[in-house]
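First up is the structure itself, then whatever we jot down about it.
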DNA sequence: GCTAGATTTGGGCGATCGCCCAATACGAAC
DNA sequence: GTTCGTATTGGGCGATCGCCCAAATCTAGC
């Protein structure tokens, strides 16, 4: 039951990372300040620069942690699918929880932009996207989808773009979008019947 | 040859809008300041709040002007295409000029995010995207592409996503991506032959 | 109890922020 | 030349910024 100083320190660090993830989405990357982070995390302002070299470093670490977790989670769900079409359906279902204006979606977008002005962050983030593309391309190749790399890149891009556009207002139903995306992975065209879902 | 006060005023306003478009891309929306804008435009700091109600208002007006011009330009090129596949090719060619890290791409991304925190901007920007989707869906419908609205939305989203991902590092060739996207608009499946690029 | 080392505190530093405004400059109308 | 109206100047206002640091506070080990 004893809480050592190191334990409390780790907890403070953890709370600061969580606060950073929230505030990036709420206020925007450049608008997150030292005192804002400290207040949200329930610590004194000085603690921020005790645990992190700079506010930038804190924001980067927080964003990367969230993104990596989510990509891994999505990838795990993908493994259950038996066909690429099914995998697409699962992914779109997974994405239904994010409307482009929720904290997670905004965190992604903010991180994308911040990466353009921070070389280290850009490299790390590029690695996350590349990893997702590679995993997806592997699944596609297993099912004889032609041009798996390019197809995976387009799907990954479409997903991010769909999230971006959702933030701006209503668009077509997710089910309709999924049906369109399925054209990308249909191994053989099943001759479009007169009626379809 | 006379330059009235009103003429000089209009010129100062124009220069401020141009400076805003540059600085949004360079520094990020939230990091653009009054004095930064004034210096870039070659005017005194006070001029900014003489011509614009706030820095936010200046940034929004500048971003919307650039985006509207570019969408219109892309749409004009689209009118020359004779098939949806050709139109896609033209659009991807048009997009080749933007690698996701150039000022125009960054301006788009910054505006998307800023829109999430400014209701007026969000509405205006949503209108721009909707207008593009509508124009594209119209062209698709003319050529019997199924589900033209959803297809247009996916294409628009894929384009923005591709630009976003390009900023993070190299991906598949544009030509390969275009070939994949063409699957979305193929009116009838030409029975995939043994070889295809 | 006492020391050693890690963590927290809370305010200070100079710089910068958005916005404002009284004073000034300057061409147009008379 | 005088008046009038618009545009510009340049500094001031209080607030906030990132980062720093000496002092205070804690727990573990002796």
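Numbering starts at 1 and runs along the chain as it is shown here.
In case you wondered, yes, glycine gets a Cβ from its N, Cα and C as well.
The domain 'HTH tetR-type' annotation in TrEMBL covers A:10-70. In this model, the domain 'HTH tetR-type' (A:10-70) carries an average pLDDT of 96.
Counted with DSSP, the DNA-binding region (A:33-52) comes out as 15 helix, 0 strand, 5 coil. The DNA-binding region annotation in TrEMBL covers A:33-52.
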